[in-house]
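Down below is the structure, laid out as structure tokens.
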Amino acid sequence: MLQSLASNSYVRLIQSNKSTWYFFFLVLGYVLYLIFGAVVFSSVELPYEDLLRQDLRNVKRQFLQENECLSEERLEEFLSKVLEASNYGVSVLNNATANWNWDFTSALFFASTVLSTTGYGHTVPLSDGGKAFCIIYSVIGIPFTLLFLTAVVQRVMVYVTRAPVTYIHTRWGFSEQLVALVHALVLGLITASCFFFIPAAAFSSLEDDWNFLESFYFCFISLSTIGLGDYVPGEGYNQKFRELYKIGITFYLMLGLIAILVVLETFCELQELKRFRKMFIVKKEKAEDRVHIINHEHLSFSSVSNQAASLREDKLNEPFMDVPPLTCSASEFSSLNR
């Protein structure tokens, strides 16, 4: 009985800590994935960086040889000024001076990237007042944007996901789980086509220096809110209808972000993913269940102790040898009394 109770307690302990083990393997897998990404990026990009550094050294050396009157210190000072201005989105090139970074359309585009946490970084506030306002604007605007996106996504989900799945399930009698899975895959393909492939083809034709891969890369980096800032549309010096183009990109980014969130929410409602997520979630133990477990263990220990006590009493009352009972008749008993 004691061994059975101990084994049951051990199994219950393992079951209760199952999510902890799953969480441990999740953290380990995430760390290994980070290390894997670092190794791949370093092995792929480091040779290109080395070649670029060598080219810059050669160009600088050749420029100094052709202009002996210019010292290396003066050239370094000039280049540092140019790079500092470039980090703020201001270019020294003649063909880029016509583009202003803080006209209304550019400021609208910047505000959308700040509130959506995309943050390309190609344009940043220069003045102290602009930096202070950016902090206050973001503190209020980012939670407001999350509230806005949540409300919009929940309403879109009713018409785009829940209503079609329920209609097909009730009309044709297919399994609701199967219908939800097929619907999620179809919705993902439609979203990828409308907000990744088609816009990538459009950007590759509108931007002179972008091919399809670079355009698709910009769409993914933008709609995933990574926002590296190495590719920003509408920054070319000969960009036609630049103001209208910037406004269109702003609406594209907001609509695309909503579409991506709808797709993610649709996949999160699948039963398979719900069961997968429960593997890493700590289950909350109700008070009633805890009292029931305590009472059950108390009763188990009480029954074991009672059985042990009864066994001890039986051993104490057990005679050392079997003695037959004494029997006598009435006359023998009377004679013994005389």
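Glycine too: its Cβ is placed from the backbone N, Cα and C atoms.
Look at TrEMBL and you will find 21-44 (among others) tagged as transmembrane segment. Taking Cβ pairs closer than 8 Å, the transmembrane segment (21-44) reaches residues 279-280 in its own chain, all 6 or more past its ends.
The average per-residue pLDDT of the prediction over the domain 'Potassium channel' (95-156) is 87, rounded to a whole number. Residues annotated as domain 'Potassium channel' in TrEMBL: 95-156 (among others).
Below 8 angstroms of C-beta separation, residues 111, 114-117, 257-258, 261-262, 265-266 of the same chain, each at least six residues beyond the ends of the transmembrane segment (135-157), sit close to that stretch. Per TrEMBL, the feature transmembrane segment maps to 135-157 (among others).
Same-chain residues lying 6+ beyond the ends of the transmembrane segment (178-203) with a Cβ under 8 Å from its Cβ atoms: 160-161, 164-165, 168-169, 210, 212, 215-216, 218-220, 223, 233, 252, 255-256, 259-260, 262-263, 266-267, 269-272. Look at TrEMBL and you will find 178-203 (among others) tagged as transmembrane segment.
As annotated by TrEMBL, domain 'Potassium channel' applies to 194-268 (among others).
Taken from TrEMBL, the feature transmembrane segment covers 215-232 (among others). Under 8 Å from some Cβ of the transmembrane segment (215-232) lie the Cβ atoms of residues 113, 116-122, 195-197, 199-204, 207, 253, 256-257, 260, all in the same chain and six or more residues away from its ends.
Here TrEMBL flags 244-264 (among others) as transmembrane segment.
Across the domain 'Potassium channel' (194-268), DSSP classifies residues as 52 helix, 0 strand, 23 coil.
With DSSP classes pooled into helix, strand and coil, the tally for the domain 'Potassium channel' (95-156) is 43 helix, 0 strand, 19 coil.
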